[in-house]
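Q: After the structure tokens below, expect a handful of questions from me.
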Amino acid sequence: MYTLARQLLFKLSPETSHDLSLDLIGAGGRLGLNGMLCKQPASLPVSVMGLNFANPVGLAAGLDKNGAAIDGFAQLGFGFVEIGTVTPRPQPGNPKPRLFRLPEATAIINRMGFNNLGVDHLLGRVRASRYKGVLGINIGKNFDTPVERAVDDYLICLDKVYTAASYITVNVSSPNTPGLRSLQFGDSLKQLLDALAERREQLAGAHGKRVPLAIKIAPDMSDEETALVAAALMESGMDAVIATNTTLGREGVEALPYGGEAGGLSGAPVLEKSTHIVKVLAGELGGKLPIIAAGGITEGRHAAEKIAAGASLVQIYSGFIYKGPALIREAVDAIAAMPR
């Protein structure tokens with residue numbers, strides 16, 4: 001069924017297809033149809049960050065930036081759903097075209113630029129949702145906020161989403177917001193993490209619950225840089241790391257149509273690079289922080305490879321675009337079949 005739907009959707013421009021798919025998934029969720037139309041994955045509960053996940057395969061941020069289809073995605077069988085990236089104020093993102101398919105490589109290039117309707121709109125959609133499972137909210141900074149004031153934007157979003165989220169992801173790794181990736185390193189990272197940790201303790205006291213914080217990092221880091229990030233996350237008391245975002249690399253797609261477009265590359269070509277980061281993080285963290293692995297999962301076995309590399313959970317996005325809901329089941333089954 002999804003194969004036919006994909007053939008039709010792929011005749012449209014990528015962004016039109018994305019918006020239409022989101023509308024359809026959202027409508028199916030409101031009507032309760034998605035669960036009936038899609039075979040559900042096997043039950044594989046797991047506890048991470050003090051949260052109970054129905055299964056370890058989640059939806060990565062970026063597909064549902066505004067929380068438009070939370071119920072719909074949950075009904076497809078995802079063990080958790082992450083929405084966003086959301087910013088304090090609405091913003092249109094980068095000029096179109098800004099989303100490109102590379103079907104020969106099972107890949108996507110995007111330079112969306114955190115297009116979203118703002119954190120207040122997203123919170124309205126969360127309140128309207130019936131979903132009771134694990135919901136992650138991914139936060140970022142507005143395009144026109146100077147990097148040296150980025151902490152302010154993250155704190156605004158943290159304050160607003162704190163009571164609505166099961167966990168909160170801090171996106172410092174999108175390649176499509178100028179200067180954002182500099183926040184992954186050195187004093188910039190320390191200042192951000194310290195500010196987040198301090199504000200989180202204040203919010204935990206005010207609301208009587210401690211919401212886990214995860215940091216999403218890029219795949220384009222050396223082993224030494226990755227080790228420094230791991231140390232900073234442990235020192236600051238973060239709760240998880242998501243590895244990874246899209247890559248600026250173009251290995252294997254340079255000669256393909258749209259392969260030279262600017263933006264972040266996701267899908268199959270980032271699998272090896274992303275899994276390597278997971279392995280390095282696992283060695284540095286020594287089990288002290290869980291790893292949520294994203295990047296390049298287009299087959300069920302790729303999810304198992306991420307878990308074997310040291311991840312506790314996985315997320316999919318581009319693979320879902322190409323393979324549909326069946327990939328959720330394949331990934332859950334592959335993880336369930338791993339030796340204990």
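Note: Cβ is positioned from N, Cα and C throughout, glycine not excepted.
These numbers come from a predicted model, not from an experiment.
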Q: If I go by Swiss-Prot, which of GLY113, GLY118, GLY287, GLY296 binds FMN at the same site as ALA61, GLY62, LEU63, ASP64, LYS65, THR85, ASN138, ASN171, LYS216, THR244, GLY267, TYR317, SER318?
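A: Record source Swiss-Prot; matching candidate: GLY296.
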Q: Counting only residues 6+ apart in the same chain, whose Cβ is under 8 Å from the Cβ of TYR317 (FMN binding site)?
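A: Spatial neighbours, sequence-distant, of TYR317 (FMN binding site): LEU59, ALA60, ALA61, GLY62, LEU63, SER266, ALA294.
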Q: Tell me the Cβ neighbour count for SER174 (active site, nucleophile), meaning other Cβ atoms within 10 Å of its Cβ, over all protein chains shown.
A: 25
Q: Across all chains shown, how many C-beta atoms besides its own are within 10 angstroms of the C-beta of GLY267 (FMN binding site)?
A: 25
Q: Please report the DSSP secondary structure of LYS216 (FMN binding site), reduced to three states.
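A: In three-state terms, LYS216 (FMN binding site) counts as strand.
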Q: Given the recorded positions LYS65, SER174, LYS216, GLY267, which one's Cα is the least distant from that of ARG111 (substrate binding site)?
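A: Going through LYS65, SER174, LYS216, GLY267 one by one, the Cα closest to that of ARG111 (substrate binding site) is SER174.
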Q: Taking the Cβ of LYS65 (FMN binding site) as reference, which residues of that chain separated by at least 6 in sequence fall under 8 Å from it?
A: ILE83, GLY84, THR85, VAL86, PHE114, ASN115, ASN116, LEU117
Q: Could you tell me the maximum Cα-Cα distance in Å between the residues recorded as binding FMN, namely ALA61, GLY62, LEU63, ASP64, LYS65, THR85, ASN138, ASN171, LYS216, THR244, GLY267, GLY296, TYR317, SER318, rounded to a whole number?
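A: Binding-site diameter by Cα atoms for FMN: 20 Å.
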